[in-house]
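Worksheet: one structure, shown below.
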Amino acid sequence: MLRTSCGGMLLLVHALGLVRAQFPRACVTPEGLRSAQCCPSPSALESDPCGALAGPGRCVDVRMRAHGPQYPYEGATTRALARASSRACRCNGNFGGFDCGGCAHGFTGDACEQRVPVVRRNVMQLSADEKRFFVNALDQAKRAPHPDTVIATRRYSEILGPDNSTTQFENISIYNLFVWTHYYSVSKTFLGAGQDSFGGVDFSHEGPGFLTWHRYHLLQLERDMQVMLGDPSFALPYWDFAIGGSECDICTDELMGARSSSDSSSISSNSIFSRWRVICESVEEYDTLGTICNSSESSPIRRNPAGNTARPMVQRLPEPQDVEACLELTAFDSPPFYSTSSDSFRNSIEGYSAPQGNYDPVVRSLHNLAHLFLNGTGGQTHLSPNDPIFVLLHTFTDAVFDEWLRRHASDASIYPLENTPIGHNREFNMVPFWPPVTNAEMFVTAAENLGYSYEAEWPARPLTPTQIVTVAVVAALLLVAIIFAASTCVVHLRGNRTEGRQPLLGDQYQRYEDHNKTQSVV
């Protein structure tokens, strides 16, 4: 039976010797690291990399592309990935996973030939049992070690240990890996002791890759949880945060945790999430000492929805019409392909522009507004996935993205090919996922290409001027038809009344039976 895991091993590749990327555990042996090849065999046969003998996959060169001039430290982040591995598995057909020994999302079976419905639904519309199951599944993922993934505990120069043969890695849970991956994508580039770290890098925000990066991020968590639960149909639900008002409808003990009665910024002790602890909190230490975020947990989740009285703008959730306005924008993104872009669907759903597309440095809308509304762990970019509301918030953001792709019949050709922020170009590999996956591969409709779909209702679309004219013409024609039909009925009715005033037949008119007795009477 084929494994359904698509997990990878997170190995940091960073400046001056810090390795940062995502690799399978099988690739982080001393021999694997020295070979610079990560093509494990699903059958554990050295002669069968990526299942090439049976056909699931093949070992290919990893294509690296140079960053633009806006990034002066070429080789400091993902470019150093080539030092760790320059070859990876590329799976065929419906096969998937780091060694092509599993199935792609939405498929199962020995040959990955059976489709499995993976339907993401509104979390508020789940039954009580379904809500309980989801909450417990998240908690299980928080505690369960990832079956295929470990993280580096030393920089690249120290990764083989003092004896040059003991690799420096540790286990991490499924959910904490989800948090760690996001932290890495926004972390600064460490340039060495005594130097300020370079902060002009964000692989997952403020650029075209915002939507594609988070889409794959969610796919990895969903797939890991499917494997954990032994259920390939498990789907992450979404939180429709565009409800307006200042109430967090999912902040109940039945779902993501109510507000604590003793501390307005804490989660109720009746919620399982009050016992969760965050990782990747020591940002100053990482940036100044060059240490690595590891699996060590620290403080509890903080959350105070609508509690930021210093910023009234973030005390209310987005409105339903904000989503519809955003969906009506026709351009996916616009120069400079950054948080200052106008008339950009991506920048509007991300929340740096107004829903209608106009850029305003003061505005925070949609995705950004929902994060800031939470007013705590979920409102800090490097920490935000520690609050599990992050999952529901981003699943809805992805649902809006998928609806936009459907409405505008868009394909990857409209995704910027170049001149975007570091890591955001169309054919760039998204950092730090392994095996490598490009932004273009995620710029597709989900149901037809990625193995999952949404059960969602969207606000009615406003009519375009052409549609308004068409409706007016049709309405006028219908009105004429109704008037004509009514006039015809009146004329016909008057005719019937005239006929009703005519005299009855008298005796002067012959009757059949009287005129000819032999005639048949009907």
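Numbers run from 1 along the shown chain.
The backbone N, Cα and C atoms fix where each Cβ goes, and this holds for glycine too.
According to Swiss-Prot, the residue from His394, His408 that belongs to the Zn(2+) B site alongside His367, His371 is His394.
Of the residues Asn171, Asn516, Swiss-Prot records the annotation N-linked glycosylation site for Asn171. Per Swiss-Prot, the annotated N-linked glycosylation site among residues Asn164, Asn496 corresponds to Asn164. Neighbour density at the Cβ, taken as the number of other Cβ atoms within 10 Å, is lowest among the disulfide-bonded residues Cys103, Cys251 for Cys251.
The binding-site residues recorded for this entry are His367, His371, His394, and the Cα of His394 lies nearest to that of Cys112 (disulfide bond). Checked against Cys293 (disulfide bond) by C-alpha proximity, the disulfide-bonded residues Cys27, Cys39, Cys59 yield Cys27 as the nearest. Each residue contributes its Cα atom, and for His371 (Zn(2+) B binding site) and Cys50 (disulfide bond) these two points are 40 Å apart.
For Cys59 (disulfide bond), the count of additional Cβ atoms within 10 Å of its Cβ stands at 18 [all protein chains shown].
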